[in-house]
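Q: Pasting the feature list from Swiss-Prot:
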type	residues	note
BINDING	LYS75, ARG78, HIS107, ARG126	isopentenyl diphosphate binding site
BINDING	ASP114, ASP120	Mg(2+) 2 binding site
BINDING	ASP114, ASP120	Mg(2+) 1 binding site
BINDING	ARG125, LYS208, SER209, GLN250, LYS267	(2E)-geranyl diphosphate binding site
Amino acid sequence: MQTGSTPHDDRAGVSANGILGAQARGASGRLLPEIWMQDGAKRVEEALARLLCAEDDGETELMAAMRYATLHGGKRTRALLCLAAGALADTPAHMLDDVGAAIEMMHACTLVHDDLPAMDDDVLRRGLPTVHVKFGEATAILVGDALQAHAFLTLASLNAPGDSPIALVRELAQAVSAEGAAGGQAIDLSLVGKHVELDRIVAMHRMKSGALVRASVRMGALCAVGVNAAHAALYCALDHYSACFGLALQVIDDILDVTADTAALGKTPGKDAAAQKPTCASIMGLQEARQFALDLLRDAGEAIAPLGPRAERLAQLIQRANAYLFKHAPRA
């Protein structure tokens, strides 16, 4: 595994805001979301390919499966959230790319484990056979374990000032702990076949998927402004944004499990209902859930409005989620 920027890395010393230059803005000076999102996703994928490579003896089946889990599709939303928060200041692009890659490794870890027969038992992910289907269940378990380790190793190896690597590791660890994704998944499994209140589902979603969204934003901000009491108001705004945006993404996912097809989802539709899993969509109904998602996205935008143009990229990710919802779950 190669870590950090190399002497030949042409990103070194270039900020996330400066790496695209004028091409990222239209004639009006407005930042073009399709340009920076495509470029950001490409840079993170290049970092993943660099970080997840065999060093000496060729590619093992485990490494091949790890690359399969991380390099074949995905919207890269969490990495883009990190990059967008990193754009709050002139953060070195190479640092954000590697942090974004670490986040995507951890996200892939959670997906690989969630898809296992003992968990959600899914056979499709991102339009391809899930890791346990293609490589076997034992390898899939090891893939998740190894991706988690590589994510932390990537952060610990960053060429970053002060205690930044420690703070980043702490944020990511907290996101997947018993108070985060792992705890949320445990609750999700425990609710199968039960009638529960909406508040219980919302709390579960905030842990299972929302915690990693929050960490993605906070990790980008840590790269931009560090750990400083002077930025308490900034982190408060970002946490509110993350809470609303992360929950909105999961509500949209609940809706699309009902309304979208395999091509749009990249996974098997109707799985939640078939497994008797309570969701926001099943409890609220599709139209109420849709409005709930729209309200959450609006609240996310209001949370970062005081940050002004610095938060332009975070706002554009809200717009992308809105467009995705309108495309795949139009109003009845």
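Cβ coordinates are placed from backbone N, Cα and C, and glycine is handled just like the others.
Could you tell me the structural context for the features on the list?
A: Under the three-state DSSP scheme, ARG126 (isopentenyl diphosphate binding site) falls in the coil class. Of all the Cβ atoms in the protein chains shown, 15 others lie within 10 Å of the Cβ of ARG126 (isopentenyl diphosphate binding site).
A 10 Å cutoff on Cβ-Cβ distances gives ASP120 (Mg(2+) 2 binding site) a total of 20 other Cβ atoms nearby, all chains included.
Packing around ASP114 (Mg(2+) 2 binding site) is summarised by its Cβ count: 19 other Cβ atoms lie within 10 angstroms of its Cβ, all protein chains included. According to DSSP, ASP114 (Mg(2+) 2 binding site) sits within a helical segment.
Listed in sequence order, ALA181, GLY183, GLY184, GLN185, ILE187, ASP188, GLN250 are the same-chain residues six or more apart from LYS208 ((2E)-geranyl diphosphate binding site) with CB atoms under 8 A from its CB.
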Q: Would you list, in sequence order, the binding-site residues among LYS75, HIS107, ASP114, ASP120, ARG126 whose CA lies within 10 Å of the CA of SER209 ((2E)-geranyl diphosphate binding site)?
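A: Qualifying among LYS75, HIS107, ASP114, ASP120, ARG126: HIS107.
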Q: So how far apart do the (2E)-geranyl diphosphate binders ARG125, LYS208, SER209, GLN250, LYS267 get, largest Cα to Cα in Å?
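A: Result: 18 Å between the two most distant Cα atoms.
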Q: Tally every other Cβ atom lying within 10 Å of the Cβ atom of HIS107 (isopentenyl diphosphate binding site).
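A: The Cβ of HIS107 (isopentenyl diphosphate binding site) has 26 Cβ neighbours within 10 Å.
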Q: Over all shown protein chains, what is the count of other CB atoms within 10 A of the CB belonging to SER209 ((2E)-geranyl diphosphate binding site)?
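A: The Cβ of SER209 ((2E)-geranyl diphosphate binding site) has 24 Cβ neighbours within 10 Å.
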Q: Compare all C-alpha positions of LYS75, ARG78, HIS107, ARG126, the record's isopentenyl diphosphate binders, and send over the largest distance in angstrom.
A: 15
Q: May I ask which residues of the same chain, at least 6 positions away in sequence, place their Cβ under 8 angstroms from the Cβ of ARG78 (isopentenyl diphosphate binding site)?
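A: When sequence neighbours closer than 6 are ignored, ARG78 (isopentenyl diphosphate binding site) has GLY100, ILE103, GLU104, HIS107, LEU212, VAL213, SER216 within Cβ distance under 8 Å.
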Q: Neighbour count, 10 Å Cβ-Cβ cut-off, for GLN250 ((2E)-geranyl diphosphate binding site): what number do you get?
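A: Total other Cβ atoms inside 10 Å, all chains included: 23.
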